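According to Swiss-Prot, the protein has these features:
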type	residues	note
BINDING	R17, E18, L19, K20, K117, R515, C516, W561, E605	5-methyltetrahydropteroyltri-L-glutamate binding site
BINDING	I431, G432, S433, E484, D599	L-homocysteine binding site
BINDING	I431, G432, S433, E484, D599	L-methionine binding site
BINDING	H641, C643, E665, C726	Zn(2+) binding site
ACT_SITE	H694	active site, proton donor
Amino acid sequence: MTILNHTLGFPRVGLRRELKKAQESYWAGNSTREELLAVGRELRARHWDQQKQAGIDLLPVGDFAWYDHVLTTSLLLGNVPPRHQNKDGSVDIDTLFRIGRGRAPTGEPAAAAEMTKWFNTNYHYMVPEFVKGQQFKLTWTQLLEEVDEALALGHKVKPVLLGPITYLWLGKVKGEQFDRLSLLNDILPVYQQVLAELAKRGIEWVQIDEPALVLELPQAWLDAYKPAYDALQGQVKLLLTTYFEGVTPNLDTITALPVQGLHVDLVHGKDDVAELHKRLPSDWLLSAGLINGRNVWRADLTEKYAQIKDIVGKRDLWVASSCSLLHSPIDLSVETRLDAEVKSWFAFALQKCHELALLRDALNSGDTAALAEWSAPIQARRHSTRVHNPAVEKRLAAITAQDSQRANVYEVRAEAQRARFKLPAWPTTTIGSFPQTTEIRTLRLDFKKGNLDANNYRTGIAEHIKQAIVEQERLGLDVLVHGEAERNDMVEYFGEHLDGFVFTQNGWVQSYGSRCVKPPIVIGDVSRPAPITVEWAKYAQSLTDKPVKGMLTGPVTILCWSFPREDVSRETIAKQIALALRDEVADLEAAGIGIIQIDEPALREGLPLRRSDWDAYLQWGVEAFRINAAVAKDDTQIHTHMCYCEFNDIMDSIAALDADVITIETSRSDMELLESFEEFDYPNEIGPGVYDIHSPNVPSVEWIEALLKKAAKRIPAERLWVNPDCGLKTRGWPETRAALANMVQAAQNLRRG
């Protein structure tokens, strides 16, 4: 029984973000479709070859996507919303881009499909839309073409296909409501056809992804698996693939299926290998997801070996990444600025392939010397002074309940804040950032590259802050912001100023479409060596008599949008960040900043996959926010900002944050979101976003007024604020001025009654 290895998928964007550049060039009309397709072919060939050279036996094919793999599946099944269809009914790459972006070089623009987080990762997928009576047929043959490509290059191929039940689970019904699971029998014939085509090509194994099997699914959905897989059996061997959590709770459903193998995530799941071996049919292959596909840490391969060695020789076994390597940067070897010690702790996608090769060889031979050598740096890290800061650990251990309580309840604080700020009814403000112009970006880049000295850089930033204050005063806003000209990214900026974080040069991962992010890495205990935002906030406040908000990114968001440590809990990291930012709140307050906003857009998206785990997460997530904020005096007003489409299920926790003011994204839902706050009887102040900053359209005064009147039917007017629904970083100044002028006018009209 020779053990093989495989990956569940590989990053698509290219080491130098070649895919992103090719997509954006094509969208802008600067290159042809043929040139774009050629870049895709070149990247696929390179990535297959790199994995093979790193020692991977079975190469994933079908993991590449022009925008998103769920969207690719929609096209494969012929699920194209009517508004995005070509007039002749054909499907091409522009159809795909119209669904993803709302527009493409050909065809009519139409509203893009909704985008949401892929399970609990920072990757986003395009939500499939389903209508009653929908028809499906094999339409977009990208998967088959790529299998042919890989076979022609002489590779051992394992096609990757998103499974039918997870696909339906991820979608949403449009128009007349019905149970989307009822479409299962309509999509299964397309899956049968695809599997038949793969069988014709001599494919032995197909990786069929059903990550929905790690969720607490309704019984009807669990019951659908058996008949669905009965219909799919017989043409090729199916590796039923799960990830992001364990499968033990749904193992009875899984073991009844007519598949030939099961992949389990042994990093994020708590499944016991011996128990899995005992319960799985003896003729099934077990694919052990031992290498973390969604982090950047080198694995302790001696531990991984120990985890699996007892079942070697007892059943067919493969070793694999826990999930697709899509969530990891590509190659550590191109990082030249990380010091040698820290660099020795990391493994990116290609290094993870090497880890899988080392693990396979050791399991086949019984010789573990190479594993011990590879694991030495990560074992040495446990005792590194770069990781452990006794002062931080001592401070964290000393936290009491008092540290997460404001001195007085909201009603008492609100009184003190009204007396201090004397704001009018319907107070107007913005969420924090103003347009990041080419001048601002060039200024920051020149400084970063060493082409500009610190004095000239600071003079330039001060000028942009001054301009933002002048613009806001001219517009008549009530509470101002400094505009964040000095910040590249709301998480990266804080990470750069906190001890315990490091940054990469090329550690890009795909967020959605052509958007890539370069998350900070938490390598050790987090602390704040010096004030971060105080100087610029103080400067901005010196330019005006109106209050200027201090702007912080909250601890849960910094955690969720970074690569976390693996040796301590997420709760520990969040609370360490909270303590560091608590000192920032105290320093802002001492500098005369009376309104401080702590953004937590990631609070909801950090929720665990299983609802039964939510309470524990929300408890420490809320506590981290409160530790951050509770140092503020009664007359200091704490704001928070959140952008989600769903509040109902976490309203208790949002109220428990005890922020004096919460601003939320509501414009696209036509204020429907406020229903949650009304039903819950939310006690504090609230700023429902009155226009969508993601669109360049300028809202009319009448439209904003109508939205605010609608809001006032749900929330008492004396507790309402007036603001856009998000930061204005990505907008241009002309539409920003016009939209804010209309927003201020609408508020003034309402004050006059």
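Cβ coordinates are placed from backbone N, Cα and C, and glycine is handled just like the others.
Shown on the structure are the features that Swiss-Prot records.
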| residue | record | DSSP (3 states) |
| --- | --- | --- |
| R17 | 5-methyltetrahydropteroyltri-L-glutamate binding site | coil |
| I431 | L-homocysteine binding site | coil |
| E484 | L-homocysteine binding site | coil |
| C516 | 5-methyltetrahydropteroyltri-L-glutamate binding site | strand |
| D599 | L-homocysteine binding site | strand |
| E605 | 5-methyltetrahydropteroyltri-L-glutamate binding site | coil |
| H641 | Zn(2+) binding site | strand |
| E665 | Zn(2+) binding site | coil |
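Checked against D599 (L-homocysteine binding site) by C-alpha proximity, the recorded positions C516, C643, E665, H694 yield C643 as the nearest. Annotated pair E605 (5-methyltetrahydropteroyltri-L-glutamate binding site) and S433 (L-homocysteine binding site), C-alpha to C-alpha distance, rounded: 22 Å. The CA atom of E665 (Zn(2+) binding site) is located 11 Å away from the CA atom of the residue listed as 'active site, proton donor'. Rounded to the nearest whole angstrom, the C-alpha distance between K117 (5-methyltetrahydropteroyltri-L-glutamate binding site) and H641 (Zn(2+) binding site) is 19. In terms of Cα distance, the recorded positions that sit within 10 Å of G432 (L-homocysteine binding site) are C726, chosen from R17, L19, C516, C643, H694, C726. Comparing H694 (active site, proton donor) with C516 (5-methyltetrahydropteroyltri-L-glutamate binding site), their Cα atoms are 18 Å apart once rounded. In terms of Cα distance, none of the binding-site residues chosen from R17, L19, E484, C516 sits within 10 Å of C726 (Zn(2+) binding site). Counting Cβ atoms from all protein chains shown, H694 (active site, proton donor) has 14 others lying within 10 Å of its own Cβ.
Within 10 Å of the Cβ of I431 (L-homocysteine binding site) there are 24 other Cβ atoms, across all protein chains. Note on K117 (5-methyltetrahydropteroyltri-L-glutamate binding site): other Cβ atoms within 10 Å of its Cβ, all shown chains, come to 17.
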